[in-house]
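Visitor: Once you've had a glance at the structure underneath, I'll fire off some questions.
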């Protein structure tokens, strides 16, 4: 969304809606959006048809009337002559500020929302109804109703093919560490059985991790929740219950598989938490972290050491005990899916998906090491203790390979960046496409040279050329970009004379730019080009999809 311009329009009687609109504007600016905030009556309403993204913030006066500074806008919007599709290009949302002690609670926001829909606008969210009577100004989105007994187990009917809402439970076949025990980085080669999944193609596997068992236990203890109890949710507004939460749902499922309790919390987390604090010391600290002036303190407390939301709850025990359960889904975001490049071909490994996973673990100033949620969860799955499953679905990746069997393919994939190229080389070899060149880089030949025996077999079989760079095995560091320059004759021949495709995959730090610079040097050296001509050649390759990259941070 960052490329969008956002317009925030407000109708305000006492100044609350203006203040809220300006806060929304500041939040959007923090996310690098271009923002304008205007009163509805000072805005030329005829321009609304050409806006793409608008948030309306409007109060309701005592008798359900619009505020004075939006009356002109109101009259124009309710003209009968306006065509039904006049706002079809508009994405928008409506936030109402009202008081539920009045009979026409948020009447203006509700009516505006309906009218915008009638004029063809695309509503990004259900209408937001803020209530001045409420401690927080906003009621919780859902109310929990705990059940006295355990409901019958529902049998799930799997859709085909798997989707984010109905992933396929793939059994873990093996989970092997592929780095030397003395190497600082634990990297796993994991194989998943997808027999019966109806997955026939895909480049990227998607999955949602689970929170660690000890974190789930600590969370339930802090909030005095019984993980085995079941509940149903009732929305307090026109929104629906999240589709991933079964109804009824167990507390264990909610905490283990839905709430992202190990993420670093945002400022809004502290704002909500502060409203429950009756302990003066804790409340003052939470209010400081919620304020504009307290952002440096919040950064030092939370972002710099990567403190998790669960750890914050443990640091504010008096407030945590007073926390209303109804606000759990307002406090904690949903666990987001993670993606991994598939590192195997179904032609070579039928009914199997293999991935390479670097396990994220590092020290911060906190006593406990920081861990990546998904990689740590995957590393903990041990098939030798019994059947373990990863619910997954697949999607298409961004890399596309040439159909012509004679077109050479040059792949630069250091570290786990080699994953999509292992899949491509297996696939191409099975189809008789032998013009494959792989540049692989890692720290040490003896410690993190992934898939070494497989590459050596494929080189022996004439299915590929392998060029390696082991950065720490000699005095000076040698990376894949150095090898690209060394292989200038081979690369120029393949690219200039044989129309080769060139690919980069891996970490988005310096490597992709360094490899691009090395490739341009090859063009200059072997093709007698100027710096500008080399850049133009690379740009032309990119436009023709002969240069592609897939990088991640």
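Positions of Cβ are set from backbone N, Cα and C atoms, glycine also.
Reproduced below are the annotations present in TrEMBL:
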- 59-62, 97-106, 132: FMN binding site (BINDING)
- 306, 338, 339, 340, 341, 372, 373, 374, 375, 552: FAD binding site (BINDING)
- 416, 471, 472, 477, 478, 479, 480, 481: NADP(+) binding site (BINDING)
- 6-151: domain 'Flavodoxin-like' (DOMAIN)
- 165-402: domain 'FAD-binding FR-type' (DOMAIN)
- 1-17: signal peptide (SIGNAL)
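Can you tell me where each of these features sits in this structure?
Guide: Of all the Cβ atoms in the protein chains shown, 28 others lie within 10 Å of the Cβ of residue 97 (FMN binding site).
Shown in sequence order, 188, 357, 358, 359, 360 are the residues of the chain, 6+ apart in sequence, with a C-beta less than 8 angstroms from the C-beta of residue 375 (FAD binding site).
Long-range C-beta contacts of residue 478 (NADP(+) binding site), restricted to its own chain and to partners at least six residues apart, with a cutoff below 8 Å, comprise 469, 470, 471.
Looking at the domain 'FAD-binding FR-type' (165-402) alone, the prediction's average pLDDT is 94.
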Visitor: In terms of Cβ proximity under 8 Å, which residues at least six beyond the ends of the signal peptide (1-17) contact it?
Guide: 24-25, 28, 31-41, 43, 51-59, 61, 66-70, 73-74, 97, 108
Visitor: Once the chains shown are all counted, how many other Cβ atoms turn up within 10 Å of the Cβ of residue 480 (NADP(+) binding site)?
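Guide: Result for residue 480 (NADP(+) binding site): 25 neighbouring Cβ atoms inside 10 Å.
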Visitor: From the binding-site residues 59, 97, 99, 105, 339, pick the residue whose C-alpha lies nearest to the C-alpha of residue 416 (NADP(+) binding site).
Guide: 339
Visitor: Taking 10 A as the limit, how many CB atoms besides its own sit near the CB of residue 61 (FMN binding site)?
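Guide: Result for residue 61 (FMN binding site): 17 neighbouring Cβ atoms inside 10 Å.
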Visitor: Sorry to bug you, but what's the C-alpha spacing from residue 59 (FMN binding site) to residue 306 (FAD binding site), rounded to the closest Å?
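Guide: If we compare the Cα positions of residue 306 (FAD binding site) and residue 59 (FMN binding site), the gap is 39 Å.
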Visitor: So among 339, 341, 479, 481, all listed as binding-site residues, which is physically nearest to residue 103 (FMN binding site)? Use the C-alpha atoms.
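Guide: Sorting the binding-site residues by distance from residue 103 (FMN binding site), the top entry is 339.
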Visitor: Nearest by CA distance to residue 481 (NADP(+) binding site): which of the binding-site residues is it, out of 61, 99, 339, 373?
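Guide: Looking at Cα distances from residue 481 (NADP(+) binding site), the smallest one goes to 339.
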Visitor: Quick one: pull the CA-CA distance for residue 472 (NADP(+) binding site) versus residue 373 (FAD binding site), whole Å only.
Guide: 29
